[in-house]
Amino acid sequence: MLEMATLLAQATVDSGFGTLGVGIGMGLAIVGAGLGIGRIGGSAVEAISRQPEASGTIATQMLISAALIEGATVIALILLLIR
Amino acid sequence: MLEMATLLAQATVDSGFGTLGVGIGMGLAIVGAGLGIGRIGGSAVEAISRQPEASGTIATQMLISAALIEGATVIALILLLIR
Amino acid sequence: MLEMATLLAQATVDSGFGTLGVGIGMGLAIVGAGLGIGRIGGSAVEAISRQPEASGTIATQMLISAALIEGATVIALILLLIR
């Protein structure tokens, strides 16, 4: 009976560390997405101010590269959730 | 009775580690969103001061890229809450 | 009676870890919001000093992007509180 209790207790402690890892992982994922999309968006608006007539092309390329980061971030969030 | 007490006690310790992870995750998510949207918004107002006549295009692109970060951040916050 | 005392004592330790996480999370959230809104506000006043006639447009865009960060931050603080 004593062994059974000890076993269950340690299994629950482990689950807490798992959620700690999920939280750190999701947080770091958003830090990466923020740094990346922030760099792209910031440079895009500066580029438009330098060449306003190229704003269509700049906006398209900005969206493509930002969507790449966004896609990887959402995949990471979902994988962390089902973990 | 002794075994039961030990089991329950350590099970509660687990829940604490999980909330620690959720807190760190939510905090890091806002750090990422702040860095990203801050970079975009800061560059946008600087770009408008350089080309005030392009302010409409710049504001639109700023909102699109900032919304990408905002979306991923809110998704992460919700996933962390239901975790 | 001794076992019961042990149970309650360790349950309090657990709740401490959770509050630790909430505290770290709320602190990081404000760090992120401060960095982000600080960057936007700082750039906005510099942009207005360069193009005072565009101050209306700049102020509007500053408010929009700063409100995006503020919104995500308040959501995170509330979610951390009810966690």
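Even glycines carry a Cβ here, placed using N, Cα and C.
Database features, via TrEMBL:
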type: TRANSMEM; residues: C:20-41; note: transmembrane segment
type: DOMAIN; residues: C:20-82; note: domain 'V-ATPase proteolipid subunit C-like'
type: TRANSMEM; residues: C:62-82; note: transmembrane segment
type: SITE; residues: C:Glu70; note: site 'Reversibly protonated during proton transport'
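Taken together, the residues of the domain 'V-ATPase proteolipid subunit C-like' (C:20-82) have an average pLDDT of 94. Across the domain 'V-ATPase proteolipid subunit C-like' (C:20-82), DSSP helix (H, G, I), strand (E, B) and coil residues number 62 helix, 0 strand, 1 coil. On its own chain, C:Glu70 (site 'Reversibly protonated during proton transport') has C:Ala33, C:Ile37 as residues at least 6 apart in sequence with a Cβ closer than 8 Å to its own Cβ.
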